[in-house]
Amino acid sequence: NCGHLLLAISAATEVSFSFDVGNGPVEIVVRSPNPLNDDQWHRVNAERNVKQASLQVDQLPLEVRKAPTEGHTRLELYSQLYVGAAGGQRGFLGCIRSLRMNGVTLDLEERAKVTPGVKPGCSGHCTSYGMYCANGGKCVEKYNGYSCDCSKTAYDGPFCIKDVGAFFEEGMWLRYNFHSPGTSVKDLVSRTLLSSADPEITAPDLSLNKEELSFSFSTTKSPCVLLYVSSYTPDFMAVLVNPSGNLQIRYNLGGTKEPYNIDIDHRNMANGQPHTVNVTRNGRDIVLQLDHYPPASYSLPATSDIQFNSPKALFLGKVIEIGKIDQDIYKYNTPGFTGCLSRVQFNQIAPLKAALRPTNTSSHVHIQGELVESNCGASPLTIPPMSAATDPWHLDSGKVAIIADFPYNGQAIGDGVNRNSAIIGGVIAVVIFTILCTLVFLIRYMFRHKGTYHTNEAKGAESAESADAAIMNNDPNFTETIDESKKEWLI
């Protein structure tokens, strides 16, 4: 009676546990919906006893096989334990850790030190360096290192720290559709102009009990719509800049006569500076974080619904929906948002990144106008601005002041002068300034040396072997003589 026991990766999405106790081979297979060769750690637990055998991989369902009622139950093994490879089998390339058999932890590190082709210390790079994947980036193990997966974030770059943003010209807008992946791009564009009450559109069976929204922006014009989330129902969420330049968060989830508003009236947000906004709603509780200010908590009215029913689309810059729209929002649509939006993320959706980077959700995006990538809204202020009383650069309205505007990428300056004209004017000014400084330096140099020359010829130069010898043979105080008596002035 000679048995065997084998635990193997039988396919990219399969782990198999096979054994033979003398009654014939038995195999248990766990199939994963995702590939297992993804450079991530996976936990495998295989067990066999007299009653049953089981196999579990990660959090996937446990696979169980009952033992036969009759026959052999004892597994007798006469060969050594092979880890990573056995005779004639394809070897394992990767890392194995925390190997336990019958409750005993096997010391793989010591054996790896004396085994060719095997190295100890494979604890995983993400264990040590995963913290460098910022802003929700997922650390991915590599054979000789690691990488950061930023696909579920609104950021880009090796460590998911690069903001992905864009400049919006007047009248431009972006729409991200919440829809099934099978919907065609042609259908997406047609839906833009369809009413939410269209009978051909069936509202998806989806409701949100919580949302997480974060983005940064900069603008000098108000009022405007920054972000709007529509639905197949009257429910909506909006982030606005009102005519006074103050920020407003507006929720309409049903159950109230008027939308619930959160007004931030302690500062002007349309001052051309980057500002960051983070809004989190969980049921009735809302937390708002604005720039460097402490988080502020709010609560929806007791009569308000707490479900955001059937979300339809997310708009940036403008709301283009044929149907009933809040009157203030409708008025704020004209002329539209002008400025910068950056790192926009609504739950797991990053609409700007989907528009500017080829991702698997890029087909969800429809753009009206030209979207220009820019980081002009990427750096929110971390220091509170000075008040007018303490700001040494603040001038009263009655005083004359020279104001220098530094526009963002593509942003228009007053009186219709665009960014390119400002750059050209700045370059010309620098060139003129450099030329003037050079002329001043040359004039000063010429006047300083005009009409003056020195004669350092020593006495006895005719009989000396060289000029150096004549100077050395001359008066020891020849330096002072040159400075005082050998200088001739022409008047």
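Each Cβ is built from the backbone N, Cα and C atoms, and glycine gets one as well.
A TrEMBL annotation is a machine prediction, not a hand-curated record.
As the structure is a computational prediction, the values presented were derived from the model and not from experiment.
The annotation domain 'Laminin G' is assigned in TrEMBL to 1-122 (among others). For the domain 'Laminin G' (1-122), the number of residues in each DSSP class (helix H, G, I; strand E, B; coil) is 6 helix, 40 strand, 76 coil.
Annotation comment: TrEMBL describes Cys95-Cys122 as disulfide bond. Of all Cβ atoms in the shown protein chains, 16 besides its own fall within 10 Å of the Cβ of Cys95 (disulfide bond).
Taken from TrEMBL, the feature domain 'EGF-like' applies to 123-161. Here the domain 'EGF-like' (123-161) has long-range neighbours at 38-41, 93-95, 97, 214-215, 343-345, 348, 350, 352-353, 357, 359-360, meaning same-chain residues at least 6 beyond its ends whose C-beta is under 8 angstroms from one of its own.
Positions annotated as domain 'Laminin G' by TrEMBL: 190-376 (among others). Across the residues of the domain 'Laminin G' (190-376), the predicted structure has a mean pLDDT of 85.
The feature transmembrane segment is assigned by TrEMBL to 422-443.
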If you count Cβ atoms within 10 Å of the Cβ of Cys122 (disulfide bond), leaving out that atom itself, what do you get? 15
The domain 'EGF-like' (123-161) resolves under DSSP into 8 helix, 12 strand, 19 coil
